């Protein structure tokens, strides 16, 4: 139906007859001349129909051209000419096609929005097929496609094997709710959609495949937000006989190469490394945005002699923290704006936010200054590095809570005061705690997942004794404040895996029921192994320059977990429910 793509017509084709096919991007009738911008996936070219240059037998051509509407689907035959008025805004702007034939392949109904408009997200998602025609959406989808292609090429070149793992699998606790699928042939039993291929890729290492990868679809029934979907895509990888550094060095090279190939982005030759403990202390986050040159400063020693109760209580508590955050030029904040910052940090657990403003004149305004001697308060501000025109915020309380809300404040201040530099700052975060203590459940939970190996502990009794302080062999790759990949060295000894299950409150019977197949596999000569999984959606969004992963997913769900285009989820007939042995009941509000 076509000989060339619209966006690839250029000066080398002048004088040649071409056949094109695409959509009517714009159609303009200027009296005796019609100009049509014809669009396909490669771009736009101008089609010209001049009634004055057409003999009487071809007057039908002008009639067709003058009656075109947005998004009509056309086949056009014509001759390539040099344009009199060059359009430097498009790559075909030096040429045009003088049409000799136009065939309407399909008329478009009146549009809910035009391809060059940017309507509300609900409308975009309802008419996703129109939304995806927009040049910006085409660009973002192509970025994703190029990313996946580049990753595959790199892994294939290095001997990795692309192996599929099951979509219908067993429900296992991995941190989020499972999506369950009734098993028609086994009444009362259910499959689960995989939250990740974690256990299968470990079993592939036991099976001797050594280097595995998969572009894997994963499913988690959890609350949605801009960077989270019910179904998402991972680059899943696993290696046998590796250390943490082996995995990290390989994927560093891969990410550097792929970012340069896909988007021309140059990343650091070596990614810096930081322990989880240091990241939380300095930045209040296990995925710090290193583009923001602000750090939390511990000031417990300098406030211990004050009479400000929130500070002294935190200092006295073994798990307390008093941290300060200096914001350059922040003294411009009004009292109302400071209150808004306090309300913002309250969402992250803050019960109050103290501050000190240093006016350009040197005058200090602070509601907590009265709880210090003049010299002590001056020494505190000097230690923090506060200068004229700055504001300093203080947080006090439980160490983890203070880290969380002061870390959130750091990010907000970075955005509000334009302190985020326009570069790319990758980082490895390592040495995560093996476990967290869940006060509500009164038990340990795994910080990464239950299959992560402990660091520097080979003895089970030692792990039991030091569970609260044990570190894991987990690692995350962080880029500009986004965790783009997470992995670990796995447990490969069955007795250690049983001990970890026990510490997590998983009984032996429960472990057999849920993970018996893994424990059995580890019994038969499992090699040391480890790996990592990268979030394709998140990386594509970063490269494409969008804050929402919905923009790089062709058919995403809304934050209400719906597909507005297909109207999913939708009711199922009683007949279908009966076939899968499911009975539903209405819940009273």
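Including glycine, each Cβ sits where the backbone N, Cα and C put it.
Per Swiss-Prot, L-aspartate binding site is recorded for 174, 220, 448, 490, and the stated evidence type is sequence analysis. Reduced to three states, the DSSP call for residue 220 (L-aspartate binding site) is coil. Around residue 220 (L-aspartate binding site), the same-chain residues six or more apart in sequence whose CB sits under 8 Å from its CB are 176, 177, 179, 195, 230, 232, listed in sequence order.
Sequence annotations record features per position, and here Swiss-Prot assigns region 'Aspartate' to 198-201. Among residues of the same chain six or more beyond the region 'Aspartate' (198-201), those with a C-beta under 8 A of the stretch's C-beta atoms are 165-166, 169, 172, 174, 212, 214, 236, 238, 449, 451, 515, 517-518, 531.
If you look up Swiss-Prot, you'll see 220, 221, 222, 229, 483, 535, 536, 537, 538 marked as ATP binding site.
Recorded residues residue 222 (ATP binding site) and residue 448 (L-aspartate binding site) have their alpha carbons 17 Å apart, per Cα-Cα distance. Ranked by Cα separation from residue 490 (L-aspartate binding site), the binding-site residues 483, 536, 538 are led by 483. For residue 536 (ATP binding site), the same-chain residues that are 6 or more apart in sequence and have a Cβ closer than 8 Å to its Cβ are 144, 147, 148, 215, 232, 233, 234, 235. Taking the Cα atom of each, residue 448 (L-aspartate binding site) and residue 483 (ATP binding site) are about 13 angstrom apart.
The DSSP breakdown of the region 'Aspartate' (198-201) into helical (H, G, I), extended (E, B) and coil residues amounts to 4 helix, 0 strand, 0 coil.
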